[in-house]
Amino acid sequence: QINFVACQLFALLAAFWFRIYLSPSHASSAVRHAFATLFGIYFAVFCFGWYSIHLFVLVMMNYGIMNMASVPNIHRYSFVVAMGYLTLCHISRIYIFHYGILTTDFSGPLMIITQKITTLACQLHDGIGRQAEELTAEQNRLAVKSRPSLLEYLSYLLNFMSIIAGPCSNYKDYIAFIEGRHVHMKLLEVNWKQKGYDRLPDPSPTGAVMYKLCITLVSLILFLTLTKNFPMAYIIDNEFLDKTPFLSRLGYLYVVTQAAKPKYYFAWTLADAVNNAAGYGFSGVDERGTFRWDLLSNLNIWNIETATSFKMYIENWNIQTAAWLKRVCYDRAPWYPTALTFILSALWHGIYPGYYFTFLTGILITLAARAIRNNCRHYFLSSVPLKIAYDIVTWAVTQLAVCYTVAPFVMLAVEPTIKFYKSVYFHMHILSILVLLLLPIRPQAHSVRRAHNQAMLNSIKNK
């Protein structure tokens, strides 16, 4: 943990230096790629010692696949090799090294690299292995039209801004950043002459970085004060279960789940700040004319804490991982996209049973929440008081559903998970099953869109 914080703080300083002294106007793309790569390799070795070899082995294996595999199979082979290697490392880290040896906890960077490898493979397959009319608008925008050079590939996967804590970004966005086109491309989406500008503005990330560092500091303080005082294990303590009423147990479950969040807020917000400090992460201009630096943000704290649906919560938590799951699995799954996406998420996180309890429960609750929303929400939109009442109830249910779902993720093992669910009478599982049995299920937009795209493709081929 000390190495992690030290590396991220040093990366923050290096990022400011990178933006000022190795800006595209001062250094070539090759120099920027090389610096970002070498510093990233140094950070990996500093944090994980010889265990960092796993990162480099996976990177080079998939570079060989990317250059030697047939175009129709690039994404398949890359996915199988990357996820297979990650899973083997998860198994060895837990059952051979017993997880307690911190130097062997190289899984975090390996998980990020796996995301990047599979993202690039899918986008390369879209760019050189599929016709434009087969792709969605987003897939067309992100499609990579040619195989990257070795330096570009290494820089994308191992750069110092994201090697330790991510986040995963799209290959074309990263290359545009290195080549100095990143901000310019986003600014061209706005008509600046109508806003009174003679030339394109030059947005600075300093304000966004300072704001995110403040969030990081507050998160660190909350982590040091709250997390240790409200351990998740207490919700299955025998004395607590014997003396505490059911509703009070649910209230405490909410409190301990809240207490577990600051460490994620800290790590992800700091990682976002590092990328912004380097000049990466500009996402455009909002309707008020404010420059936005949230292209790589991994969470939206306000939307998380005020979420009124399970979907809204998931979309604002670990945003870049959710985007990765959507791009490599949900949008490409031939059937059961929701279930396959949750299963992939569990496999990517690791092999602890608690992960699978969480994500399998998440499938059930997601489907039930979708059924309730589709069948009931429109009845509460006729008046403001009804809408407010609906939002309050759905907020409370969403927060409790999330707490119920993620508890096994923290507990990890089977026995405490079963003990916890028995203590709360499996109520969310039972309610979700009843909802799915009683309410009609409408076709998913994913299925409708896939059918529409296939019909269009058939029409084009017939012509």
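Every residue, even glycine, has its Cβ placed from backbone N, Cα and C.
The stretch that TrEMBL tags with transmembrane segment, taken from the ranges 77-101, 252-276, is 77-101. When Cβ-Cβ distances below 8 Å are used as the criterion, the transmembrane segment (424-441) is approached by residues 246, 249-250, 253, 361, 364-365, 367-368, 371-372, 375, 400-401, 404-405 of the same chain, each at least six residues removed from its ends.
With a cut-off of 8 Å between Cβ atoms, the residues of this chain six or more beyond the transmembrane segment (333-349) that come close are 83, 86-87, 111, 114-115, 321, 325-326, 355-356, 358-360, 362-363, 366-367, 409, 444, 446.
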